[in-house]
Amino acid sequence: MLQQPFEISGLALLAPTLLLGVTALVLFLIDSIAPEESSSALLSGVTVTGSLAALAAAGAILVTTGGDPQDLYGGQLVVDGMSLFFTFIFTSVTALVALASYDYLEEFRYKAEFHSLTVLAATGMTLMASSNSLATAFISLELASLPSYALVAFLKNNRGSVEAGLKYFLIGALSSAVFAYGISLVYGVTGHLQFNQVAENLGAAGDGLVGVLGVGILMIIGGFAFKTASVPFHWWAPEAYEGAPAPVSAFLSSASKAAGFVIAFRVFTVAFPQATAVDLGIDWVLAFQVLALVTMTLGNFAAATQENVKRMLAYSSIGHAGYVLIALGALTGSADQALVLGAGMLHLVVYGFMNTGAFLFIALVEYWGVGRTFEDYNGLGKQAPVACVAMTVFLFSLAGLPIGGGFLSKIFLILAAANAATIGTYVLAFALVVNSALSLFYYSRVVKAMWIEDPVTDLEVGGYPTGLYAAIVVAAVVTVLLLPGLGLFSGVAFDAAASMIQ
Amino acid sequence: MVPIQYYMMLSAALFCIGVFGILTRRNALMFLMSVELMLNAANINLVAFSFQNGNLTGQVFSLFTMALAAAEVAVGIGIILVLYRNFSDVDVTKATTMRW
């Protein structure tokens with residue numbers, strides 16, 4: 001068999017992934033040269049530079065290729081508008097988290113390991129966005145997950161962090177085994193792992209193997225449900241986000257969730273096209289409609305009963321996973337598929353900024369040593385007005401008020417659900433509106449505590465850390481700018497979705 | 001040639017033993033072993049289907065799965081070690097500092 005010529009263009013197209021990988025190795029190198037005197041500024045600086053370089057590379061590739069799909073390594077990977085769009089989310093969240101970690105990690109040891117694990121997880125996420133075969137999807141999903149387990153358990157003398165890491169790891173290991181078994185069943189029926197070849201051979205299930213294929217697809221949905229923190233594999237999320245260091249919660253709840261969705265988008269539109277699947281009798285759209293409804297309702301109701309702000313945000317993150325699941329639940333035959341997927345992508349990009357910002361505010365509060373319940377936030381607005389204005393922006397944008405991009409992206413999701421025009425999607429659109437109204441209740445409890453209530457004790461915030469403030473302010477500015485800016489962005493998202501589907 | 005159904009029965013049985021172990025065992029190490037069983041059930045499927053379909057994709061993928069299982073155990077043992085240091089036990093039901 002002839003040796004394949006080495007593809008130079010492949011390396012250039014994978015520049016964002018490679019830059020992130022190299023950044024992780026550089027961090028290890030710095031640490032191995034001077035392990036004891038690791039400077040927070042240097043390590044954060046390298047991470048932010050590396051992520052921004054990857055971001056710039058993704059932008060350059062998007063401009064030069066115009067988002068046309070480029071197959072790499074015999075079709076195992078594909079670089080297209082979709083993968084580059086999500087690379088943009090992952091790298092900006094990584095940069096924000098690294099910037100905030102500059103202050104947060106000041107007192108900790110093992111700073112270099114923290115940063116390199118974050119960047120390694122981001123590398124895995126960018127690979128997830130480009131994977132075009134169930135094999136690369138599984139491997140890159142693990143590359144994103146394994147560093148995350150270690151990151152959640154990073155505070156190894158803190159019982160909460162260790163417990164969170166354990167639960168995250170146990171459910172992650174279980175769901176990856178379920179995912180692998182699902183892949184093996186799909187492979188058994190179709191004989192292929194590459195998405196387009198799986199789609200071509202789905203018909204082979206016609207002769208009595210529909211059950212096997214259906215179980216396989218259900219198990220694959222389980223794998224994605226874990227990564228996106230949706231029902232039924234959502235139990236780890238409140239524990240992991242509450243126990244983990246706040247910058248890690250920010251990273252996981254924004255970037256990791258987006259990574260789970262991009263791979264789900266690609267698998268279900270390319271490998272199991274809705275029309276073929278329905279012909280076989282496997283209506284995965286219905287499964288996603290049920291999951292979306294249950295996930296958003298459960299997340300929001302649970303969030304409304306919380307006393308701990310971080311845990312409230314964790315449940316609200318489950319609720320938002322439910323909103324984005326609409327993008328899969330509305331992929332019915334009658335829907336404009338590019339509009340539906342594009343709406344999900346836009347919500348994820350806005351969510352990437354507003355949710356990262358909200359968790360970084362929690363990081364700031366943890367840095368000050370203020371308590372974790374709503375009452376502990378009383379009167380923070382007078383002490384730290386800038387950060388609290390930013391937090392107000394994040395929370396109202398998460399609720400969907402027209403103060404940040406969250407308003408427009410929810411409108412897009414409702415339009416997408418209405419466009420699909422089936423009873424199920426109308427129910428989803430209605431549930432989205434009801435749940436957003438409910439979410440306003442618990443988000444405004446934080447706002448009320450910060451601005452209106454008087455502090456119970458003499459509250460004195462300890463300093464105004466530069467890195468954390470910078471990250472929060474940048475996230476707030478981008479969240480607000482995305483309200484007018486989403487109009488510009490939406491074209492890119494809809495084109496990317498359209499080019500993946502055809 | 002052994003019919004493919006036999007392999008599927010074997011792997012399904014192995015998978016169910018794994019699930020049963022996860023649901024009943026409290027020891028974190030036992031939990032890890034049960035996950036290994038489930039991953040190996042997937043491997044049996046992959047290799048058997050690879051033979052059935054006449055291509056090597058499945059066999060190659062099962063090699064990847066094994067390597068990933070090893071990596072997962074390495075991270076998992078690390079987490080179980082810090083669990084033991086903090087809670088003086090590897091019982092997964094003991095770690096309950098957070099409650100909803």
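In case you wondered, yes, glycine gets a Cβ from its N, Cα and C as well.
These come from TrEMBL:
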- A:131-438: domain 'NADH:quinone oxidoreductase/Mrp antiporter transmembrane' (DOMAIN)
- A:6-30: transmembrane segment (TRANSMEM)
- A:42-63: transmembrane segment (TRANSMEM)
- A:83-105: transmembrane segment (TRANSMEM)
- A:117-141: transmembrane segment (TRANSMEM)
- A:168-190: transmembrane segment (TRANSMEM)
- A:202-226: transmembrane segment (TRANSMEM)
- A:280-301: transmembrane segment (TRANSMEM)
- A:313-331: transmembrane segment (TRANSMEM)
- A:338-364: transmembrane segment (TRANSMEM)
- A:384-404: transmembrane segment (TRANSMEM)
- A:411-434: transmembrane segment (TRANSMEM)
- A:468-494: transmembrane segment (TRANSMEM)
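Through the fold, the transmembrane segment (A:338-364) approaches residues 82, 85-86, 88-89, 92-93, 96-97, 100, 104, 241, 245-247, 249-251, 253-255, 257-258, 261, 265, 269, 309-310, 313, 317, 320, 323-324, 326-328, 330-331, 384, 387, 390-391, 393-395, 397-398, 404-406, 408-410, 412-413, 415-416, 419-420, 465, 468-469, 471-472, 475-476, 478-479, 482, 486, 489-490, 493-498, 500-501 of its own chain, all at least 6 residues removed from its boundaries and within a Cβ separation under 8 Å. For the transmembrane segment (A:6-30), the residues of the chain that approach it from at least six positions outside its boundaries are 38, 42-43, 46-47, 49-51, 53-55, 57-58, 60-61, 65, 70, 72-73, 77, 79, 84, 87, 91, 94, 112, 115-116, 119-120, 122-123, 126-127, 130, judged by C-beta separation under 8 angstroms. Through the fold, the transmembrane segment (A:202-226) approaches residues 141, 171-172, 175-176, 178-179, 181-186, 188-191, 232-234, 236, 260-261, 263-264, 267, 272, 276-277, 280-282, 284, 287-288, 291 of its own chain, all at least 6 residues removed from its boundaries and within a Cβ separation under 8 Å. Residues 134-135, 138, 141-142, 145, 148-149, 152-153, 197-198, 201-202, 204-205, 209, 212-213, 215-220, 222-223, 225-227, 233, 235-236, 239-240, 271 of the same chain sit 6 or more residues outside the transmembrane segment (A:168-190) yet have a Cβ under 8 Å from a Cβ within it.
Residues 16-17, 20, 40-41, 44, 47-48, 51-52, 54-55, 58-59, 61-62, 67, 111, 114-115, 118-119, 122, 125-126, 129-130, 245-248, 250-251, 254-255, 258-259, 262, 345, 348-349, 352-353, 356-357, 360, 363, 366-367, 465-468, 470-472, 474-475, 478, 492-493, 496 of the same chain lie 6+ residues outside the transmembrane segment (A:83-105) yet bring a C-beta within less than 8 angstroms of a C-beta in it.
Against the transmembrane segment (A:384-404), stretch A:468-494 shows more Cβ pairs under 8 Å than any other of A:42-63, A:280-301, A:313-331, A:411-434, A:468-494. Residues 14, 16-17, 20-21, 23-24, 27, 47, 50-51, 54, 71-72, 75-79, 82-84, 86-87, 90-91, 93-94, 97-98, 101, 147-148, 150-151, 176, 179-180, 183, 186-187, 193-196, 198, 223, 227, 248, 251, 255-256, 258-260, 262-263, 266-267, 270-271 of the same chain, all 6+ positions outside the transmembrane segment (A:117-141), place their C-beta atoms under 8 angstroms from a C-beta of that stretch. The transmembrane segment (A:280-301) and the transmembrane segment (A:411-434) are in contact, since at least 3 Cβ pairs between them lie under 8 Å (pairs 6 or more apart in sequence).
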